[in-house]
Amino acid sequence: MTFRNCVAVDLGASSGRVMLARYERECRSLTLREIHRFKNGLHSQNGYVTWDVDSLESAIRLGLNKVCEEGIRIDSIGIDTWGVDFVLLDLQGKRVGLPVAYRDSRTNGLMTQAQQQLGKRDIYQRSGIQFLPFNTLYQLRALTEQQPELIPHIAHALLMPDYFSYRLTGKMNWEYTNATTTQLVNINSDDWDESLLAWSGANKAWFGHPTHPGNVIGHWICPQGNEIPVVAVASHDTASAVIASPLNGSRAAYLSSGTWSLMGFESQTPFTNDTALAANITNEGGAEGRYRVLKNIMGLWLLQRVLQERQINDLPALIAATQALPACRFTINPNDDRFINPDEMCSEIQAACRETAQPIPESDAELARCIFDSLALLYADVLHELAQLRGEDFSQLHIVGGGCQNALLNQLCADACGIRVIAGPVEASTLGNIGIQLMTLDELNNVDDFRQVVSTTANLTTFTPNPDSEIAHYVAQIHSTRQTKELCA
């Protein structure tokens, strides 16, 4: 038997993990083993909301060292993280300033300023990326306007996965799928857009040419002295998750469900027409030149904050209590930017219900019910928008990522959307990360080949829509007339 051992470092906004994948060539089987899991989260430092990148790097190294201590020969390593955030370095490779998180308020008002000065349509035609107030375009403008004293010291700007790859290898890389999330990459040239960079205040010399997934960045030297290739995977975690989504045919949509919910479809061409602009659709880069035509939905961030504020530790018990409540008694628009990072999420949800003359969710289960129903209704809205954009309905929706373990939300989604839902794999970002590594090692031919492996090895669950459910009736009778606010458009 021929085996390959690949390690995926998968960093999300709330947690990170180092996973070992074992691929058996002859039977095309893939098994995952968690080596190290650790928490991630927002910190407050000098008035900014930041990431603790030193702690994350230590956790990554700890996980890699654990694999080596077991005597396992690692064939390659890949790193994926969330998008838009970056680390600045000087000529010696030392950090300049703080690793500020996208939920910081420093970008307030800058997206509107950019639209007024450059033109909303022109920005969209150049980048193809949705307007979100924390895009790197606006973060860099905030930095260069508010901290000009840092500019003379900056030599490089590395997005998060590229920064951690640099820390392991000493080599710099700017991976394409994650670079596209910045709203700074020109959709026609696949290179940094000089006009957008100029507005941001950044120097083009801070960036190297974006590279597509599949190249070897450099090597990490393990404690035993072996040099292990570090591969540029599809380093935006959603790009990796989509690679591992077992999409079957052109009528399949995906929903990457976690802190954020990303709903979309794959396309060989981007959608940058007026309809896409009005709907705030994004065209992020994917593997093999494909586009991830999708829309951001606030996702389980709302629930994560409620769990934290109410000190809830038993999520299955909460979901069971939630399931017993009637549907759609309280609904909000999860994509209202009031929910990006409020002081108190519970109070913000209650205020939104109060302002729309609804009953007020008070108990833990009522708050969770409000979130689940509201997400499912928004999923239905977005799926309809995407179908209209491309001129063809979808026949199935693949929900991947940690959120796909929530059977109640999966069923609500199926019922609200009126579509068959296939849940799994859970560790989609990790698997997609591994998939690119296996292609780089010449074990697999392409993404479609890898998806066949996922389909046969992953644990998938199907949810059939129930047209007689409460939420299905709500969609048919009431929700069709509801107006939803775009997320930060």
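Every residue gets a Cβ built from N, Cα and C, even glycine.
Marked as ATP binding site by Swiss-Prot: Ala13, Ser14, Ser15, Gly16, Arg17, Thr259, Gln304, Gly402. Per Swiss-Prot, the feature disulfide bond maps to Cys68-Cys222, Cys353-Cys370, Cys413-Cys417. What Swiss-Prot records for Gly83, His236, Asp237, Thr238, Asn296 is substrate binding site. The feature active site, proton acceptor is assigned by Swiss-Prot to Asp237, with sequence analysis given as support.
Cβ environment of Cys417 (disulfide bond): Ala376, Tyr379, Ala380, Leu383, Leu397, Pro465 lie under 8 Å away, each six or more residues apart in the same chain. Comparing Asp237 (substrate binding site) with Thr259 (ATP binding site), their Cα atoms are 12 Å apart once rounded. Listed in sequence order, the residues Trp82, Asn178, Thr181, Ala239, Ser256, Trp260, Leu262, Glu284 complete the 8 Å Cβ shell around the substrate site centroid, once Gly83, His236, Asp237, Thr238, Asn296 themselves are left out.
Here the binding residues for substrate are Gly83, His236, Asp237, Thr238, Asn296. Their largest Cα to Cα distance works out to 14 Å. Taking each of the recorded positions Ala13, Cys68 in turn and counting other Cβ atoms within 10 Å of its Cβ gives the largest count for Ala13. The local packing around Gly402 (ATP binding site), expressed as other Cβ atoms within 10 Å of its Cβ over all shown chains, amounts to 18. Rounded to a whole value, the Cα-Cα separation of Cys222 (disulfide bond) and His236 (substrate binding site) is 25 Å.
Ranking the disulfide-bonded residues Cys222, Cys353 by C-beta neighbours within 10 Å puts Cys353 at the top. Classification of Ala13 (ATP binding site) by DSSP places it in coil, neither helical nor stranded. Within the set of binding-site residues (Gly16, Gly83), the lowest number of other Cβ atoms found within 10 Å of a Cβ is recorded at Gly16. In this structure, the C-alpha atom of Gln304 (ATP binding site) lies 19 angstrom from that of Thr238 (substrate binding site).
The distance from the Cα of Ser15 (ATP binding site) to the Cα of Cys413 (disulfide bond) comes to 25 Å. A count of other CB atoms within 10 A of each Cβ picks out His236 as the most crowded of the binding-site residues Arg17, His236.
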